[in-house]
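As written in TrEMBL, here are the features:
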BINDING   60-67, 149-153, 203-206  GTP binding site
COMPBIAS  826-836  compositional bias 'Low complexity'
DOMAIN    51-366  domain 'Tr-type G'
REGION    784-838  region 'Disordered'
Amino acid sequence: MTITVLPLGCTFSRRFLLPACRAGASKWPSRASLLRRYSTAVPGWNVEDLNRTRNIGIIAHIDAGKTTTTERMLYYSGFTRRIGDVDDGSTVTDFLPAERARGITIQSAAITFHWPPQQEESSNSLTLEDVNKKGLPRSAVSHTINLIDTPGHADFTFEVLRSLRILDGAVCILDGVAGVEAQTEQVWRQASTYGIPRIAFVNKLDREGAAFGRTVKEIGARLGGWPAVCQIPWLEGGDGKLQGVGDVISLQGLLWELGGDGKKISVSNLSTLEQSDSPFAEELKKARIALVELLSEHDDTMVENFLEHDEDHLAVKPIEILESLRRCLLGDVENKIIPTFAGASFRNIGVQPLLDAVVNLLPSPLERPDPEISINNVRCGLNEYLEGKAMVGNSSGSQKGKKGVVPRSKPATSLQKLEACALAFKVVSDAKRGVLVYARIYSGILHRNALLFNTNLQISERVPRLLKMYASDAVEQESVSAGHIAVFVGLKYARTGDTLISYAGNKQSPPEPLNTLQLRPINVPPPVFFSSVEPHSLSEEKNLQTCLALLLREDPSLRVTLDEDSGQTLLSGMGELHLEIARDRLVGDFKAKASMGNIEIGYRECITGTSSTTSKVFDKEIAGRKGKAGCEAVVKPLAEEQELQQSRDDHVYTQTVDGNRITIELPNIGEKKGKQADDMFPAHLSIDIVKNALLAGGLAALARGPKYQFPLHGVDVKLTFDLEQHLFGTETTASAIWAAARLATQAALREVSSSSGLMEPVMNVSISVQESALGSVVHDISSSRGGHVVSLDDDASSSSSSTESEESNTVDVSKIYAPRDPFEPSSNQSVSASLSATNQSRTISAKVPLKEMVGYLKHLRSITGGRGTFVMSVDRFEKMGSQREKAILAEIRGI
């Protein structure tokens, strides 16, 4: 079989098929040979079918090549006419001015394209059923790919979290030189939390020092899965420049034209490779044997296929390997396999096969687990509930056998009128279009101009415009169906994490219990840095508050508080870069005339004693109207081992916010539920209104400590609202209840203020250094910075690696197949010695006070010769000792 070059822009037709392919139509690669797999034009079909939809994300450590890979995907799919460059600031997905100026991703960008690309002139139409019958891979038909490029910097962790929440699959990109880095492990653990299937792409294999084999072993050791090597790098002369990849699944060599745009690929079969590059052909066969053996250990069907082919590893059909990989990736098994691919995106090598892997291996929305919802404090699956199988009552705490339970055999009428359910995962303020709300549709079809009910805020809003976003460009839509990502224009109140439902009927809100339906929320990590924000003049203050409100809707990981002593507005965030970007957005994009002060650490205050029951009655005018309400409060330290779970009692509500637990009790209601309980209040109040007012009042009191005026942490607050003592007819408004709860909580806190202490954020720090600098860095962390080294290298990887099961067995690195790297000393050394010899980078895992890590990067680079890097995340808030507390307070007060 001769090497054939296929120009990747032409329409596939039979004339491109080689005689050998035509003769073996029943075998791989059949009529749609692998030559077509890498073309960029195929007939256009209806790709809106959910089976042909992929919602995927790109996750990685910073500077691993996420945006570069995304730009190539867009180019080869036909979405763009040129390849965007990060260094030139011409990328499609990094479209914010700050992103292009800094060369990093700040906001996750959503973009939709098709792979393989569509073409308008189409006389034939294939379905997935047709593809299955012909034994072709799924990539033989066009699929819709909703892609999200996420940030890699640790300061933008929340941006990654809210993107992961709505993904069905992910591509984890690794730097072939640096290997598995600290932030790689962090985003991998975050993806594991949501049970997202992932494939790995080892990038930058064209660079000096790149080690595919070492990186593969690190995947097993540090990410807690078995790397299934699906491609191996094809080096010039065996140890020269990267020129292509070996496809282990199809036993073919894919050679890219050097210096081209990546659209021309030469494909060589195994027999040709044995003649032209026999060492590479032998390595390709070793990789195929290892892949089949690995799959046989995890998939019984692969064992049967292997036996059918007389135990010949090379005879197993590629389509059988693809299907086995898919079963292992999507199945619920311990130590899942991680399909691993190779390439160099900047050199345009390996991106088209990666796109095929996305289509062939990652799941469609129909293949993902039922989304988890909470309805009337009962947790169940969304589809389980919609099908009438979930036991959900009409009021809080309903259980099986109680009155008001939706029967399993007969769905409630309200369910039949539920048109769509969506989760808002991102809010963006656009200069031209206004506020854009990105949402994942989980059920039904959402139409333009539909009335959406926000179950978190209990308000309704109409959607005048419905869009699909292509990075910064938008296309108007009449409707968007389940499984897809939509953008709503014109919503005034929706925030990140809100559940939005469309309900047929004239009512502004759906009936109980549908109005309490909430998809699993997006957890917001606590901020640890803050900075003051001051308007340039008094006349600019109102505009500044408006701009800050927009900024908070965009990024809920930012917080705005008011210092009552100084009157300053304080903006809190996840890191120094996070606040710098927020400042740029505030001043540059929103045109707020304001300035920000120095970035400082956000300390917390804690209590060590328990207060007595403190009762307060608020009796003042609010906005010209008399308001009166009462409340009782008790505060005590929150025990670390205490389970922060919601109470099952019908009229006891528990919520944990920012490390504090607030419990609300409403006695005197008895067994009354739903409307009967609401009838005990004046017409303008209900249980939900009272509960929310009490919660907000308690949180307001916790925002400022009684001794040092820092926000409180680790406080257990119990608020009691007695209808006989604290309710005063129509004078008791929600605002009055809020004020009473705030006063009662503040009074209880003042009672125990003498025993208050100061807490500081302690960070999980992962530092990557060369072996030669290890001792200096460990000494610096332990002695100079008051930190505690938890582990080094393998210990860190085993403790931080995460699979879907925490108790799953660790991966034995010695059993992982990986091709020999060019600079590997010898093939007869033990795997562990070889890994140690080739991996000169060491990872230190430590816990260090945040104050000691401010400006640490400059110091780290000075003691490591510019080669050290680190990432950190919040571990916990820890109470200071008396001497450290005095020193910190003296520094804060400028003494």
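Cβ coordinates are placed from backbone N, Cα and C, and glycine is handled just like the others.
When pLDDT is averaged over the domain 'Tr-type G' (51-366), the result is 85. With the fewest other Cβ atoms inside 10 Å of its Cβ, the least crowded of the binding-site residues Lys66, Thr150 in this structure is Thr150.
For Asp63 (GTP binding site), other Cβ atoms within 10 Å of its Cβ number 19. Neighbour counts were taken as the number of other C-beta atoms within 10 angstroms of each residue's C-beta; across the binding-site residues Ala60, Leu205, the minimum falls on Leu205. Lys66 (GTP binding site) falls within a helical segment according to DSSP. Thr150 (GTP binding site) falls outside any helix or strand according to DSSP and counts as coil.
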